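A.B. asks: Before I ask anything, here is the structure I am working with.
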Amino acid sequence: MFYPEQFDVIIIGGGHAGTEAAMAAARMGRQTLLLTHNIDTLGQMSCNPAIGGIGKGHLVKEIDALGGLMATAIDHAGIQFRILNASKGPAVRATRAQADRVLYRQAVRTALENQPNLMIFQQPVEDLIVENDRVVGAVTQMGLKFRAKAVVLTVGTFLDGKIHIGLENYSGGRAGDPPSISLSQRLRELPLRVNRLKTGTPPRIDARSIDFSVLAPQHGDTPIPVFSFMGNAGQHPEQMACYITYTNEKTHDVIRNNLDRSPMYAGIIEGIGPRYCPSIEDKVMRFADRNAHQIFLEPEGLTSNEIYPNGISTSLPFDVQMQIVRSMEGMQNARIIRPGYAIEYDFFDPRDLKPTLESKFIQGLFFAGQINGTTGYEEAAAQGLLAGLNAGRYANEDEGWSPRRDQAYLGVLVDDLSTLGTKEPYRMFTSRAEYRLMLREDNADLRLTEKGRELGLVDDARWARFSEKLEHIEQERQRLRDIWMHPHAENVEQVNALLKAPLSREANGEELLRRPEMDYTQLTSVAAFAPPLADTQAAEQVEIQVKYEGYIARQQEEIEKQQRNENTVLPLDLDYQQVSGLSNEVIAKLNDHKPNSIGQASRISGITPAAISILLIWLKKQGLLRRSA
C-alpha cells in the first residue's frame with residue numbers, strides 16, 4: 001500500500017549523513033521523511049567516540065556555518081576538547097573532541113524530533129520506486145510505499161555488509177544490526193558502477209581491568225575549545241582524560257605468528273581498507289622497522305566502563321585479540337567486552353554523481369556518506385548536508401548548489417570524489433586543499449554562512465550572531481587603523497617593550513599587529529590601543545586577517561585566475577568523439593568522467609593542458625563556450 005502522505009524528500013538511513021541530510025531538507029521547509037531501520041540508533045557512533053581532527057574539524061565547522069547539527073551535538077556531548085597543531089599556523093589548526101556516545105546520540109535525536117517539517121519512520125528500505133529514470137519513492141520491508149520528489153541514500157556500511165572476525169564471517173550492517181541485502185541487489189540493477197570497500201574497528205576494553213596508574217594521561221586543553229560558532233564551553237559535560245600505551249615486540253610477534261588467521265591476509269576480504277586508519281595487522285607489516293605504535297585509550301562516556309583503544313583496529317580471531325591487548329603496558333589483565341571486527345560493504349562510484357551529489361543517471365536520487373567511498377563521521381555528515389539541501393532544491397525545481405574548492409573543504413571533498421573517484425576509503429586532510437590559507441576552521445562562517453542564509457539553511461539567531469561578528473571585526477579593524485603611535489609619543493615605551501626593535505617611524509594599530517612578535521592581546525594591553533574586543537571570535541579574526549593579509553591577497557589572485565576555468569561549463573551529454581584533435585586516451589577519460597566544467601576536466605589524471613586548449617577552441621567554434629555565474 002502507499003502511505004497516504006507524499007513527501008518532498010525521503011532520506012534512507014539515520015547515521016551521520018542521513019541525520020544532516022534530513023535536517024537540511026527540513027530546515028529549507030521541505031516535507032521530509034527519514035526512514036531508518038532503528039530509531040534508537042539515530043546518530044550512532046559506530047566506531048571511534050570522537051569528532052574532528054586534521055581536515056575533519058574543518059568540515060565540522062563548515063557544517064555548523066551552514067546551520068548543520070554536528071558541531072552543536074558534540075558541544076553537548078564532548079568529554080575532552082583539544083586543538084591539534086596549536087603551535088602551527090591557523091590554516092592547519094584543528095579542533096578534536098572525545099564524545100560520550102550516549103549524550104551524542106541523545107543530542108542528535110532531540111534535534112531531529114524537534115525539527116519542523118521532519119517525520120521519522122522505523123522500517124528498513126528494500127526497494128526504490130524508479131519511473132523513466134527518475135526516482136519517485138521507496139518501498140519498506142513490510143511493503144509500505146512512500147512517494148517523494150527526491151530520495152537521498154545514506155546507508156553507510158549496510159549494503160550487503162559482511163562482518164569478519166578471524167576466518168569466520170556473517171552478514172551484518174555493523175555489530176548488532178542486520179545488513180541491507182534487498183536494497184543492495186536493487187541498486188546493482190541500476191546503471192551504476194559498484195565495488196566493495198572494507199573498514200574495521202578495535203575491540204572494546206573494560207576500564208576496570210586496566211591499570212591506569214602506569215600509563216601517561218592526556219588531558220584536554222584549557223581554556224576548553226568550542227566547536228559551534230553558536231556554542232560556549234558551558235554547554236560541555238564533565239571532562240575526562242585519555243591515556244596512552246604502546247604496542248611492543250611481543251605484540252608484533254603475536255600478530256606476525258597469526259597472519260594466516262587474518263581474513264585480510266588469507267584473501268577472504270576483497271574490499272580495500274582505509275589507508276590512513278589501517279588495522280594493527282597492516283601497521284605491523286607495512287612498518288616492519290617500527291618496534292612500537294602509540295595507542296590512545298579513549299573513554300566511551302561518563303557513565304560507561306568501555307574504553308576504545310584507538311590504533312588496534314583488527315579482524316584477527318578473538319583469542320589473538322586477547323593476546324594483542326594483554327601484551328601492552330597497563331593491559332596485562334584487560335578484559336575485552338566487544339570484539340574487534342572488519343566489515344565489507346558495497347559502495348558506488350562517486351564519479352557517477354554530479355557535484356550536487358545527484359546521480360547522473362537517475363534523476364532525483366542523491367548519494368551521501370560511505371556509499372560514496374568515504375570514511376569518517378565528518379565526511380559523511382558534510383556530504384549529507386549537501387545532498388539534503390540539494391534534494392530539497394530539486395524537489396522545489398531549484399538549481400543545485402555545491403561549494404567550489406576555494407570556498408570549502410566540502411567543495412574539495414565533493415570535487416575529489418566526483419572528478420577522481422576513489423579506490424579506497426577517502427579521508428579528508430588539509431593537504432588535499434590547494435587554498436588552505438583561505439579554508440581555515442576559524443573563518444568557516446565568514447565563507448559559508450551568508451550562502452547558507454540564502455539557501456534557507458541558517459536561522460535568524462545564527463544570522464544575527466554572524467552579522468554582529470562581521471560588524472565587530474570591521475569596527476575593530478577600523479579602530480586600530482585610526483590609532484597612531486609616534487616614536488616620540490609619551491607612552492611609546494609600552495609598545496617598544498613588546499617589539500624586537502624600538503619604533504622608528506609612526507605606525508598605526510594594524511601595522512603594529514602585523515609584526516610577528518606582536519599579538520592582539522599584547523597590543524590591546526597597551527593603554528593607547530585598549531580595550532580589547534569582548535567578542536573573542538571577532539578578535540581572533542582581526543589578528544589573523546591583519547597578520548596574513550598579504551598571503552591571503554596572493555592566494556585570492558590565484559583563485560580568480562583558476563575561476564575562469566571552473567566557470568566554463570561542459571555539457572553533460574557531450575560526446576568527446578566529436579572533438580577533433582583529442583587523443584583516444586583523453587576521449588575515453590572525458591567520456592568516462594563526464595566533467596561538469598573545464599576546471600574539473602583539468603583535474604582528471606591524464607588530461608593535459610594541450611587537451612584543455614583543444615577543448616576550449618572546439619567549444620568556441622561550436623558556440624558552446626559559456627560560463628556559469
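Cβ coordinates come from backbone N, Cα and C, glycine included.
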A.B. asks: Looking at Swiss-Prot, Gly13, Gly14, Gly15, His16, Ala17, Gly18, Val125, Gln370 are annotated for FAD. Which of Ser171, Ser180, Ser418 sits in that same site?
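C.D. replies: It is Ser180, as the record lists it for that site.
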A.B. asks: Highest CB neighbour count within 10 A among the binding-site residues Ala17, Val125, Met285?
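C.D. replies: It comes out as Ala17.
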A.B. asks: At its widest, how many Å does the recorded FAD site span between Cα atoms of Gly13, Gly14, Gly15, His16, Ala17, Gly18, Val125, Ser180, Gln370?
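C.D. replies: It comes out at 18 Å between the most distant Cα atoms.
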A.B. asks: Here are the binding-site residues: Gly15, Gly273. Which has the lowest count of other Cβ atoms within 10 Å?
C.D. replies: Gly273
A.B. asks: If you measure Gln370 (FAD binding site) to Arg275 (NAD(+) binding site) at Cα, how many Å is it?
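C.D. replies: Each residue's Cα considered, Gln370 (FAD binding site) and Arg275 (NAD(+) binding site) end up 15 Å apart.
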A.B. asks: What's the CA to CA span in angstrom from Ser279 (NAD(+) binding site) over to Val125 (FAD binding site)?
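C.D. replies: With distance taken Cα to Cα, Val125 (FAD binding site) is 32 Å from Ser279 (NAD(+) binding site).
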A.B. asks: Given the binding-site residues Ser279, Gln370, which one is most crowded in terms of C-beta atoms within 10 angstroms?
C.D. replies: Gln370
A.B. asks: In sequence order, which same-chain residues at least six apart have a C-beta under 8 angstroms from Gly13 (FAD binding site)?
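C.D. replies: Those within reach of Gly13 (FAD binding site), by Cβ under 8 Å and sequence separation of 6 or more, are Leu35, Thr36, Leu153, Thr154, Val155, Gly156, Phe158, Gly369.
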A.B. asks: What's the CA to CA span in angstrom from Gly273 (NAD(+) binding site) over to Ala17 (FAD binding site)?
C.D. replies: 20
